[in-house]
Amino acid sequence: MRIRIFWVLSVLCACCAALESATGGSDNEESRHTNNWAVLVSTSRFWFNYRHMANVLSMYRTVKRLGIPDSQIILMLSDDVACNPRNAFPGSVFNNADRAIDLYGDNIEVDYRGYEVTVENFLRLLTDRWGPEHPRSKRLLTDERSNIFIYMTGHGGDEFLKFQDSEEISAFDIADAFEQMAEKHRYNEIFFMIDTCQANTMYSKFYSPNILAVGSSELHESSYSHHSDTEIGVAVIDRFTYYNLEFLEGIEKDSQKTLQDLIDSYTFEDIHSNAGVRTDLFGRNLSDVLITDFFGNVQKVVVDNVEDDILYFTNNDETVKKPRPNTNFPSPKKNITRINTDIGTSLKSIQVGKTDSKAAAASLKAVLASAAFLSVLTYFWKF
């Protein structure tokens, strides 16, 4: 008899293992993230780099429009354009000659400005290496369920990006920072986008998992501005960023557009350089990755259909007046009856399908565990 029960339990465990392996690949089809963050960096300064600040503020406006709150956006820029004496429109920044949208409005929150925009602060931000005195609003408080969109723009070259015309960050620096983030479980997936000359060389040294990277230009290629405003007197946006924004302006919070759709929209005729993408480190097909997985912040709410919660007790006077009987030590026979009921309920709730595979797996595992427990309890009850 004991051998038979041991055999039954072994079969149940094998079924659980097989079910685990069969449903393990579903994570590659949909994101497992629960929150979104954005790190937006303009690494240049001075008036003639007006377009770099406009690039970053344009991305800032987009991610906020799609739902990412300021508390989950880190904005780094020189912030020396809006109030520059040369600005014909004081206190304003525009990304188009028609000046339809003022990017520098009342709702902007700059986290690092001026000389705070340094290589050291950027790397400390990614790796969260701060002292206890550093304010939480200036930290990247991510975890293993965070999807992070990182956008950088400025002047760069072969595997380097200049910061404020005084220092440089290399492709190796960013790659090693991402590896530290992976080791410390600081992200689920990263989408890295960079708009600068020879931008594609900046992600060539990445080696950490679940990172998708796109750049505006190949090795030995320049990245070009889109157009100038004659009254402002300088270029107001770069071509790569301009056409990304043109695509993103058609995206809403419930959009089903994917990152593959975004990348397919890149053309040499528009950008005037060869935009690149690196996908070998990324765990999902780009056709399965929604734009809102990185640019939005749509939360998935799970509701437990439980009657005996606090609202039930509050609204049901009889339940409040009459204390519940002590059920901490039920008899074995009552235990068996309840387990049988739970098994029947779980079996009815299982729905096998692509989107419900995880729920089905969890339900079936609960059934198998209950059955195993019931077998053991029945065996010992006989004695």
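For all residues, glycine too, the Cβ spot is worked out from N, Cα and C.
Around HIS155 (active site), a 10 Å sphere centred on its CB holds 17 further CB atoms from the protein chains shown. Feature annotation from TrEMBL assigns active site to HIS155.
Counted within 10 Å of its Cβ, the other Cβ atoms near CYS197 (active site, nucleophile) come to 20, all protein chains included. What TrEMBL records for CYS197 is active site, nucleophile.
TrEMBL lists 1-18 with the feature signal peptide.
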Revision key, fill the gap. For CYS197 (active site, nucleophile), the three-state DSSP class is coil
